[in-house]
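Listed in TrEMBL for this protein:
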- C110-C137: disulfide bond (DISULFID)
- C165-C174: disulfide bond (DISULFID)
- 82-139: domain 'Sushi' (DOMAIN)
- 139-175: domain 'EGF-like' (DOMAIN)
- 1-24: signal peptide (SIGNAL)
Amino acid sequence: EMALSPRSRCLILLCLTAVHCGHAQSCMDKHQVVGVLRQMEKFLKGQEIRFTEALRIMKSKLASLQNSVSKLPQADQSAAPTTCPSLQPPAHGTKFGSKHFVGHEVHFTCSQGYQLVGSSTRVCRDNGTWSGVGAVCKDISECASNPCQNGGTCVEGTNQYKCTCPQDWSGSHCQHRTQTDVNECEVYRHDQGGKLCVHECVNVPGSYHCSCPSGYKLLPDGRSCEDVDECLSQKHNCSRGTCINTGGGFRCANPECPRAHGNTSYVKTSPFQCERNPCPMGSRSCHLAPKTVSFHYLSLPSNLQTPATLFRMATAAAPGRTGPDSLRFGIAGGNSRGIFVMQRSDRQTGELILVQQLRGPQEVSVDVEMSEYAERSFQAKHVARVQVLVSSYNF
C-alpha cells in the first residue's frame, strides 16, 4: 500500500485538481507538490519492480508445469487397454473363465488321457497381454515307462496299452516264459470239457492253483470253495439284530411286527416271531388276521436246480388238546413272477417249492400262510414271511 495518510491522499487529489484549474496557491505551495509527486513516483517504481518479479516467478512456474505435463503419456496414444484378446480352449481340453478384463484369470484343464503342457492359469495384464504361455493337451503315452518285459513291444491304445510278446514269452507284460510252462487250466478245459477249479484257476510257471471269491474258503481238495459262516465265527458287526449268514457275507436282521390296525395288534415273542394280542369280543377283522407272523431267511446259491423244496410249514397240537381237523396252505403275497408254488406234502405239512431258477445276486420275498379249520369252521391263520437271498455264485 502507499505510505501516505488519508489526509495527504486527499490533499494531493485536491491540489492536483486546483493546479488543473489554476488555483494551486490555495492548496499547498509548489515545493510541497513536487515532493509528493516524487514520493508517488518512487512508490510506483517499487510496485513495478515487485510486479515484474512476481511475473518472472509465475512464468518460471508455468514453464516447470508445462515441462512436467509434456512428460506424461498421452491418453489417446499409450493408455493401457481394458481388455485382453480372447483365448481358445486347447484341443482335448477345456477353458474356464469368460472375462477378459485386466486382472481376470482363465484356467485350462485336459481331458482324461491327456496331460497339460504350458500354463494352467493365465492373468490379463495391464498392457493388454496374458501372463504365462499357451496351454496344450498332449496324449499321455502309456508306453513311455517301458512296461513290456523280455523284449516285448508296447502298442498304444485308447487309455490303455498292450504288449506284443516275442516267442516263448506271454502275460500282460511278457513276464512269463511259455516254452517250458504248460497252462494246466486251459489243458484241463480242452481235454476234460470242464473247469479244473470250482471258481477260478490261476496258472503259474510249472503249476496252477485255485482261488475262491471273498467270503469263501478253499476246501482241502484244493479245487472247491465253501462259504465262510461269519455268524458262527463271530466275524460280523451286528450290534443290533441277529446275524444271518449269506453266500459270501452276512446280514443283520431285526424284523418288525405288523403295525396295529383297528382292533388288531401284535407283540414280539422272539427275534423272528410276532403273536397277535387277544381280540375284543365280536371283532371279526381281528379274528381273521394272522394269529402268528414268523420271519425266515434262506441263503441259496445262484442257478439252483429246480424244483427244489425250500421251506416246510406244519402245526402241532398242545398236549391235552386236539389239533385242527384240516389245514389249508397257500401263498399270500410276493409271488408275482410265479417263482414258487405251495403244496401239501402230508396231512399236516405244506411245502414251499422253487420252480424257477434264480440267478444271483438278488433277493426275493414270499409270504406263505397256513389256515386251521375245525369241523369246517375257520379257527386261526399263521403267516410265514420267507426272504430268499441268492448269492452271486453257484456253490
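From the backbone N, Cα and C atoms, a Cβ is placed for every residue, glycine too.
What TrEMBL annotates, mapped onto the structure for a quick look.
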residue : record         : Cβ neighbours (10 Å)
C110    : disulfide bond : 22
C137    : disulfide bond : 21
C165    : disulfide bond : 21
C174    : disulfide bond : 22
Pairwise Cα distance for C137 (disulfide bond)/C174 (disulfide bond) [Å, integer]: 31
C-alpha spacing of C165 (disulfide bond) relative to C110 (disulfide bond), in angstrom: 32
Mean of the pLDDT scores, which run from 0 to 100, over the domain 'Sushi' (82-139): 89
